[in-house]
């Protein structure tokens, strides 16, 4: 089965094409600035030269059309025709409590995704545009929606409910949903394989640390708690998101600074986090570089980030009555030995002990010292492959 994976944003569209017989990546690409000036497609076929096509791309229909044309081109294509594309898998951010698993796209599932626009106004509408564009450009090709929230639907009620008036919270579906579920699920499965143990026997804490960051407690294969909440704003300090904060600070700031609801939302989502603390950047590489030069605010931002991660690890170890493995993934988790060291220092009571030399390496690795009872691992995430796997799983029958 040849599966096209689509991650559709409001003005961009990422794609990857997989041959699921071997789980082989055939090509990947990015369509940028949809509906804006300077739009382009960057196509990267495996084993061939990269191709950049600069052209007017008014909407997602045109973006998908260009994607299919690139994949089937006689020079830089990787399949002979669009008829070879057997299925399309879409990343959809929010499945609410409607979807506890990925779902084949049909009239009902599409209506249910649209019904969640109110709780995911930035992410779900572009996903639907991508789905509809594929329906237009690849008629008859089955599609699957894979939800960032679905993996977390196993979280128990005492962990996902907020202590608001019960009827009010239920009326507005106001609860913890969690995100990055596809990534957390993938790296947990891979870590179990690396350890040579069944996932169902393990207590794993997965740390997806990038510009967006979240932590999940996975008890014997099931998500039992996660740091992001009703939206991706809750939990860890992030590149530009504030993370956990006293909610009373919101009306206080609105009153003192004369901010609207939109402005305070923008402040907490786009101007806070390590960017807000450092005043320098949301990119952790920049912060590490500046901190090494003596920038105290950059160091403070890094220390605050590491402390929050460590605090969640301790909490989730308590939730699961221990932990067998801690997994680092995503941009910062995979590529920053110093951040992994900062997070893991002081966790010896959990059986955590890093091997300093292994921690300096790159790529997939068990970076624990010999004899450590809690394994610390680095696993590069691959959300696109996980989406392709779910698409294949639901359609192969």
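Please read every residue number as a count from 1 along the shown chain.
Using the three backbone atoms N, Cα and C, a Cβ is placed for every residue, glycine included.
Among the features that Swiss-Prot reports, Mg(2+) binding site is placed at 7, 383, with the record citing sequence analysis. The annotation ATP binding site is assigned in Swiss-Prot to 14, 208, 209, 210, 211, 212, 283, 284, 285, 331, 332, 333, 334, 335. Annotation comment: Swiss-Prot describes 91 as substrate binding site, evidence class sequence analysis. Among the features that Swiss-Prot reports, active site, proton donor/acceptor is placed at 148, with the record citing sequence analysis. As annotated by Swiss-Prot, site 'Transition state stabilizer' applies to 180, 241, with the evidence given as sequence analysis.
Taking the features listed in Swiss-Prot, we show where each one sits on the structure.
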residue : record                             : DSSP class
7       : Mg(2+) binding site                : strand
14      : ATP binding site                   : strand
148     : active site, proton donor/acceptor : coil
209     : ATP binding site                   : strand
241     : site 'Transition state stabilizer' : coil
283     : ATP binding site                   : coil
332     : ATP binding site                   : helix
Listed recorded positions among 14, 91, 180, 211, 283, 285 whose Cα sits within 10 Å of residue 383 (Mg(2+) binding site): 91, 180
Residue 91 (substrate binding site) - helix vs strand vs coil (DSSP): strand
Recorded positions compared (14, 180, 241, 285) - highest count of Cβ atoms within 10 Å: 180
Intrachain C-beta neighbours of residue 334 (ATP binding site), sequence separation six or more, cut-off 8 angstroms: 328, 363, 378, 379, 380, 381
Cα distance (Å, whole number) from residue 180 (site 'Transition state stabilizer') to residue 283 (ATP binding site): 19
Around the Cβ of residue 283 (ATP binding site), the count of other Cβ atoms that are within 10 Å: 16
Among 7, 91, 148, 241, which are recorded as recorded positions, the nearest neighbour of residue 14 (ATP binding site) by Cα: 7
Neighbours of residue 7 (Mg(2+) binding site) among the recorded positions 148, 180, 209, 211, 241, 332 (Cα to Cα, within 10 Å): none
Those recorded positions, out of 91, 180, 209, 211, 285, 332, that come within 10 angstroms of the residue listed as 'active site, proton donor/acceptor' at the Cα: 91, 180
Sparsest-packed of the listed recorded positions (91, 148) - C-beta count within 10 angstroms: 91
Neighbouring C-beta atoms (10 Å sphere around the C-beta of residue 7 (Mg(2+) binding site)): 22
